[in-house]
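Copied over from Swiss-Prot:
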- 45, 134, 184, 382: L-aspartate binding site (BINDING)
- 247: N6-(pyridoxal phosphate)lysine (MOD_RES)
């Protein structure tokens, strides 16, 4: 429908109508629907730990349900005790010292990202987005009036962008750099030296930086997590940190995230949230309080399992002709290149892109994967290894069998 269409005839606004469905959630929903219909589908689509939330966190929520004070409205920006605990947890885990007044508690990381961009972007402001990227980032930027500018890295650099690439993408309209380490979808982890170089470049150019630290505790081997505002402290006044309990504590369904930033930005984002959703569910906030106040024993156990699965999935994927899978250093995703398989005949079909290849894998092997188009880089597939060991081996074995049939 054209922009000239009378307002009374436009059923959906152009702004919201332009938003794409979350590709990762769509793949996960399709896999679950097929399973419900009786097909033995194995899903590698969802970025979700397969572990239950630790019991001490659940018990805190159960107790909160019975406490009348949590049956009422609470401050829109979050329970004061949770904000203080998040500040303490941030200092403990990353060395970044912040005040509770710099914290906004949100309904998960997605709301945190949108509200952060909404608080600092004006129409036309550009945000440099290293690709491959998580599907939600560009949509949040556009909703906030900004313009995402992709900077693509591939497997030859371990999916890490360089300062030279970032500088080439910078214009007079550039306001923000999005920085994510460990990365979804690639599992890339930047070294301290790389973070320092990128951070100092951003500081010299006067840019804001939004850094997503949701996978801070999921790093493997010799890789280490480093918080950008700790490595480059002069960025603190123009740095926004997004985090949450979902990945570290297996709490994806509880929907608790947060934004840490300069007080004026947090105040603006809190005002926005006061009109959008008000406070996050009090029961979920109390559960998050128990999570961030506790130790990291549970995540250590999960990390050990993820590390084992990481090694298995990389080995098995690299056994497939035409597949190249770098070893991820963080998060829980493998991001193999399958460019060499595109256009080849597989069971009577010739997939021309990874959307078609992913559809073929789902139909023929009954395995759900996410095509690279969802992350801004066609020619790749994302597979989450946050699923049981047996399912992981069975699922990749099915993919091996199917793709071994590829021929010119």
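Even glycines carry a Cβ here, placed using N, Cα and C.
Cα to Cα, the residue listed as 'N6-(pyridoxal phosphate)lysine' and residue 382 (L-aspartate binding site) are separated by 17 Å. Across 45, 134, 184, 382, which the record gives as binding L-aspartate, the greatest C-alpha separation is 13 Å. Using a 10 Å radius centred on the Cβ of residue 134 (L-aspartate binding site) and all shown protein chains, the other Cβ atoms total 25.
Cβ neighbours of residue 382 (L-aspartate binding site) (same chain, under 8 Å, six or more residues apart in sequence): 24, 44, 185, 333, 334, 335, 369, 370, 371, 372, 374, 375. The record gives 45, 134, 184, 382 for L-aspartate. Within 8 Å of the mean position of their Cβ atoms, the other Cβ atoms in that chain belong to 24, 47, 135, 185, 333, 370, 374, 375, 384. Every protein chain considered, the tally of other Cβ atoms within 10 Å of the Cβ of residue 45 (L-aspartate binding site) stands at 28. DSSP assigns residue 184 (L-aspartate binding site) to coil in the three-state reduction, outside any helix or strand.
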